[in-house]
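Beneath this line is the structure, given in C-alpha cells, with notes to follow.
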Amino acid sequence: MARTLRYLLCGILALAAGSNAVPAARGSTRAAPAAEPSTSATTYEAEDAILSGTTVDTAQEGYTGSGYVTGFDEASDKITFEVESEATKLYDLSIRIAAIYGDKHTTVVLNGGASSDVSFPAGDTWVDVPAGQVLLNEGANTIEIVSNWGWYLVDSITLTPSAPRPEHQINRSLNNPSADASARALYDYLRSIYGKKILAGQQDLTWADYVTQQTGKTPALVSVDLMDYSPSRVERGTKGTSVEEAITHAERGGIVSALWHWNAPAGLYDTDEHPWWSGFYTDATDFDVAAALSSTDNANYTLLLRDIDAIAVQLKRLRDARVPVLWRPLHEAEGGWFWWGAKGPDPAKQLYALLYDRLVNHHGINNLIWVWNSLSPDWYPGDDTVDILSADVYAQGNGPMSTQYNQLIDLGKDKKMIAAAEVGAAPLPDLLQAYEAHWLWFAVWGDTFINNAEWNSPEVLKTVYTSDYVLTLDEIQGWQDS
C-alpha cells in the first residue's frame, strides 16, 4: 500500500472490476418477500428507499420502476433499503447502476455494521453489478449504499438466496517445475488448510510484535516490503532490513510474504509535493513503463533489469536461508496509482512476465510462490505464472470481503487459492465462515490501521486471534513437515 498517504484514505479500497458487470435483465419491481422459503430473486427500487442527501430523477433512460437515485456528491450521501428475510440467510447482492461519469466505487453497509466496497464500471447504460453477499437476519434488515467516490446513478438492488459453495478444485502443484522443496512444502501446507482455516497475518515484524502485545498471540504470517532495496532509493541512502525481518520470522516457525513498492528506476520528480521516496506513485515520476518495455535496446529497459537483479540479490538471501516466499510483485496494478499500472493492463502484464522470467529462469530463484494482486480479468497475466490470487481491501467494519473473494473465485475458476494480501480491518472469523469467504490468509497493514481502533479495536483483535478458525504462529509449528 505505500502508506504515507494510504492513500489519504481517499476511497481507494478495492480495485476496479469492470468486467464483472453483466447486462441488465430486469422484470420485477419492488416485491414483498415470500412467506415460505424461496430461491427467487427480490428487487428493491432505489426511489422507494430512504434517501439521505440524494434525489430521485428520470433523465437517464432505461430505469425500472418510477425513477432512479442520483446526487451522490457528498461523503455522507446514501440510500437505505429496508429489506426482509424469512430466516437468517445468505443472499447474493447485485446493484443496478449507471456509472456515466467514469469508473466508480461505492460502500455497502449491512445493518449499520460491516461494510464492503464495490467497484462500478464506466458506461452510459444500466448494468447489474455483483456486489458480494449479505447475511440477513430473520425479519427486518437495512442495506445502505453510501457515496464513497460518488457521482453515479442507482436504479435498484436485487437479493437472491445464495447457493452453497461447491468444493474447491485447487491446483495440486506450483507452476514452476523447478520449485524447490521449501516452496513445495509451503504450497502443500496451504492447500491442506484452504477452506478450513485462515492464517493470521501482519505487515512488518514490528507490527506483528504489537499484535502479540495486544492479544497474546503472534501472527502466523508476516509480510515484508522490499521497497528500500530499490536502486533509486539505495542511491539516496536507504538501507533495507526486511530480509532480516523475514528470516527472523521464518526461524521462529512463521510464514513469509513479500511485496515490493518498486521505486521507479528513473524520472523521480523529487519535489516537496512528490519526494523521491514516494517514487512508486504514478504522480511522483515520469517513468513510462510502456515505453521502457517497447524495446530491449532502450536505456530504461536496462534499468528495469538492473532493478529486478537488485531484488534478486535479496530473494537469493531468502532462498539460501531456506525461506519460501509468497511473492507478490506489482501489487494493485489495476488501480493505476503505481507507475507499473499507469499505462494499462498490457504493459503491467508484460512487466510481470519479465519479472517471472528474470527471477525464475535467469536467476534460478525457485523458493517463490507467485501471488497475483488484481481482480480484473483484463489485468490477469495468466494461469501459467500465477500460483495464488489475492486482493487488497481497505474497508472498515471487519467484514468478510465476499465481493472481492467471489470475483477472484471467478477469475481463477476456483483452481487457485485466494488471499486477502492487504487489509485495513482484520475480518471477523464468524463472518468469514458464514459467508464461506475462504481467504487463505489476511495481512493487516501497519501504522494507522492495526493500531487504529476505528479499523481494529482491541476487542476485535482478541476475537480474531483467539478464534479456532484463525491460525496463529503457535498453531502452525512444524508446518514444513505436515
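A Cβ is built for glycine as well, from the same backbone N, Cα and C atoms used for every other residue.
Record features, source Swiss-Prot:
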- E332: active site, proton donor (ACT_SITE)
- E422: active site, nucleophile (ACT_SITE)
- 42-160: domain 'CBM6' (DOMAIN)
- 181-474: domain 'GH26' (DOMAIN)
- N171: N-linked glycosylation site (CARBOHYD)
- N300: N-linked glycosylation site (CARBOHYD)
- 1-21: signal peptide (SIGNAL)
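The residues of the domain 'CBM6' (42-160), classed with DSSP into helix (H, G, I), strand (E, B) and coil, number 3 helix, 72 strand, 44 coil. Ranked by Cα separation from E332 (active site, proton donor), the recorded positions N171, N300, E422 are led by E422. For the domain 'CBM6' (42-160), the model's pLDDT averages out at 95. By a simple count of nearby Cβ atoms, those within 10 Å, the most crowded of the glycosylation sites N171, N300 is N300. When the Cα atoms are compared, N300 (N-linked glycosylation site) and E422 (active site, nucleophile) turn out to be 30 Å apart. The separation of the residue listed as 'active site, nucleophile' from N171 (N-linked glycosylation site), Cα to Cα, is 23 Å. Put plainly, the active-site residues E332, E422 were compared by Cβ crowding within 10 Å, and the winner is E422.
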